Amino acid sequence: MAPGSGLLLCAPLALLLLAMAPDSASPAAASEGACLQYTNKTCEECLKNVSCLWCSSNKKCMDYPVKNLFPPRSLCELSSARWGVCWVNFEALIITMSVVGGVILVALCICCYCCCRKKKSKKPDKEDEKAAREREQRRVRQEERRAEMKSRHDEIRKKYGKIHEK
């Protein structure tokens with residue numbers, strides 16, 4: 001895993017938590033316009049404050065719009081917006097998270113499919129062997145009973161002279 005990729009994975013969670021947090025709990029609400037003082041400075045200085053959003057196209061530092069999950073286009077383009085770290089823009093973040101989520105879903109589906117197939121293929125083998133053994137035992141017992149019945153019938157026929165010898 002590349003250095004700092006943990007931040008890339010944690011950024012959506014932090015955004016979600018930030019979006020769900022009440023306005024009075026965020027530091028930006030306490031000091032309205034605190035991020036504006038970093039406008040025309042560097043991205044790193046702006047993003048030291050977690051409630052700030054850096055727009056690299058106009059080098060503007062602004063309070064993160066908490067009411068929206070992603071900053072509106074009128075505020076800053078997604079490809080220029082930075083939050084948390086300067087090297088990841090929102091556009092790349094959305095694409096990356098979509099791909100990672102898709103890969104995880106496909107992997108889970110494949111694992112479930114393989115596990116189910118493995119369980120299905122194991123169970124019938126044992127059950128089939130057991131059923132085959134039981135069938136064979138029944139067949140052997142039936143053969144024994146037939147032979148026994150035939151010998152009884154032959155004895156009775158012999159006793160009463162009903163045997164037709166060829």
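Backbone N, Cα and C atoms are what each Cβ position is placed from, and that goes for glycine too.
What TrEMBL says about this protein:
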type: SIGNAL; residues: 1-25; note: signal peptide
type: DOMAIN; residues: 34-87; note: domain 'PSI'
type: TRANSMEM; residues: 92-116; note: transmembrane segment
type: COMPBIAS; residues: 124-166; note: compositional bias 'Basic and acidic residues'
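DSSP states for the compositional bias 'Basic and acidic residues' (124-166), grouped as helix (H, G, I), strand (E, B) and coil, give 37 helix, 0 strand, 6 coil. Summed and averaged per residue, pLDDT over the domain 'PSI' (34-87) gives 87. Broken down by DSSP into helix, strand and coil, the domain 'PSI' (34-87) contains 9 helix, 14 strand, 31 coil.
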